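Student: Please find one structure pasted underneath; my questions will follow.
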Amino acid sequence: MKKISVLGSTGSIGTQTLDVVRKHREQFQIEGLAAGSNKDLLLQQVQEFSPRKVSVATKELADSIRHDLPAGTEVYHGHEGLIEIAAATDAELVVTAVVGSLGLSSTLAAINEGKTIGLANKETLVTAGHLVTAQAAAKGVKLLPIDSEHSAIFQCLNGERHEDIERITLTASGGSFRDYTRDQLVNVTVEDALKHPNWSMGAKITIDSATMVNKGLEVIEAHWLYGIPYDNISVLLHPESIIHSFVEFRDSSIIAQLGNPDMRVPIQYALTYPERWSSPAPRLSLAEAGKLHFREMDLERFPCLRLAYECGKMGGTAPTVFNAANEIAVARFLRGEISFLRIEEIIEEVLHRHHNVQEPALETIEENDRIAREIASRL
Ligand code: NDP
Ligand code: MG
């Protein structure tokens with residue numbers, strides 16, 4: 001039995017992780033679950049999976065569910081609660097599926113305890129890639145990617161030598177507004193933006209896909225996970241989302257990973273690695289798919305991708321600030337307070353005011369994250 005904790009169990013990745021666990025009930029034991037504020041769903045999950053520890057966002061929420069929990073389940077809350085679920089259970093694998101850089105300290109805590117990480121929370125690597133990867137290396141901890149593109153690359157690199165890699169290419173669906181011109185983006189609504197053509201995901205990442213910030217975060221995530229220079233990481237528009245990403249090698253071979261867009265496949269691979277088990281996801285038929293399409297990315301049309309490459313290459317605190325400004329801007333857009341195109345303007349303006357710090361320590365990262373959020377909020 002593999003013991004697992006899930007941070008963000010009530011979200012899109014969290015619930016799909018529990019789908020995978022449900023499919024292989026005898027093979028997994030859930031040790032801890034952390035949620036934000038969806039207490040009804042968390043209580044259902046507790047009934048079904050009997051974790052020893054759970055956590056919610058606030059003390060009020062924790063107090064309000066304490067009496068509904070079975071005797072064997074303890075409840076925690078807030079930042080410390082998240083760290084408790086990440087680091088202080090018997091779990092050998094922790095799925096990090098909270099959204100945003102709030103996942104950083106709990107991911108570091110889990111690594112510190114030697115737990116394998118099923119990494120969905122890409123903002124963590126973007127914000128502090130050098131610290132997370134260094135700590136994982138020091139502790140001999142595996143970071144198993146759950147993001148579909150990175151899981152694809154991980155599978156393509158299986159058994160390959162690092163020096164043989166020429167280029168990795170992340171595919172991008174193009175998001176909700178793939179075929180819109182810049183002019184057509186002026187008046188788009190939150191509702192329009194939340195309609196992703198291929199993937200059903202949490203709200204924040206769906207907006208990030210429409211702005212192409214998501215692909216930018218993924219380029220930085222790939223840089224840290226695979227130690228590849230930014231000039232050797234490409235992005236290719238692929239509307240069908242069937243090729244999840246691919247690697248070119250120096251003998252000019254290309255290895256790709258394909259499948260229907262279903263997050264349960266990369267989630268399950270992180271849970272069962274290095275084994276492959278039967279999956280609840282529907283199988284891909286290439287004969288039915290018929291044709292696959294590809295297009296070069298237009299960095300004028302998607303300026304956030306250009307900004308992400310620039311921040312990645314700059315290194316230091318630039319990616320932290322890019323991510324923090326985006327988190328604030330997307331939250332505001334989702335509340336209907338700013339327009340869609342204002343998101344990229346805010347990111348660019350916050351970056352403009354930022355003085356980059358190289359090789360930042362955790363406190364410097366947290367400080368710059370906080371300042372970027374303040375400036376973004378004011379803008
Ligand atoms: P969701 O918004 O669906 O879920 C976020 C989860 O985080 C929820 O369980 C939420 O709890 C929890 N949460 C929010 N605030 C807090 C808090 N203060 N303390 C503890 N938990 C909190 O996000 P997704 O599942 O879509 O994304 C999760 C991560 O995975 C992101 O980093 C995303 O980029 C990445 N990812 C997602 C993919 C997808 O298909 N969805 C694909 C690839 C990567 P509650 O709902 O109870 O408030
Ligand atoms: Mg992805």
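Residue positions begin at 1 at the first shown residue.
Using N, Cα and C of the backbone, Cβ positions are placed for all residues, glycine too.
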Student: Figure out which of Lys115, Lys122, Lys291 sits with Ser148, Glu149, Ser173, His196, Ser209, Asn214, Lys215, Glu218 in the 1-deoxy-D-xylulose 5-phosphate site per TrEMBL.
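Tutor: Of the residues offered, the record points to Lys122.
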Student: Considering the NADPH binding residues Thr10, Gly11, Ser12, Ile13, Gly36, Asn38, Asn121, Glu123 given in TrEMBL, which of Gly174, Gly175, Gly202 is annotated for that site as well?
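Tutor: The candidate from Gly174, Gly175, Gly202 that TrEMBL ties to NADPH along with Thr10, Gly11, Ser12, Ile13, Gly36, Asn38, Asn121, Glu123 is Gly202.
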Student: Based on Cβ atoms within 10 Å, give me the single least packed residue among the binding-site residues Lys122, His196.
Tutor: His196
Student: Among Thr10, Gly36, Asn121, Lys122, Glu149, His196, which binding-site residues lie by ligand 1, judged by Cβ under 6 Å to any atom?
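Tutor: If the test is a Cβ under 6 Å from any atom of ligand 1, the answer is Thr10, Gly36, Asn121, Lys122.
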Student: Consider the binding-site residues Lys122, Glu149, His196, Glu218 and say which one has the Cα lying nearest the Cα of Gly36 (NADPH binding site).
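Tutor: Spatially nearest to Gly36 (NADPH binding site) by Cα position is Lys122.
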Student: Max Cα-Cα distance in Å among Thr10, Gly11, Ser12, Ile13, Gly36, Asn38, Asn121, Glu123, Gly202, the residues listed as binding NADPH?
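Tutor: Largest pairwise Cα separation, rounded: 22 Å.
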Student: What binding-site residues among Thr10, Ser12, Gly36, Asp147, His196 have a C-beta sitting less than 6 Å from any atom of ligand 2?
Tutor: Asp147
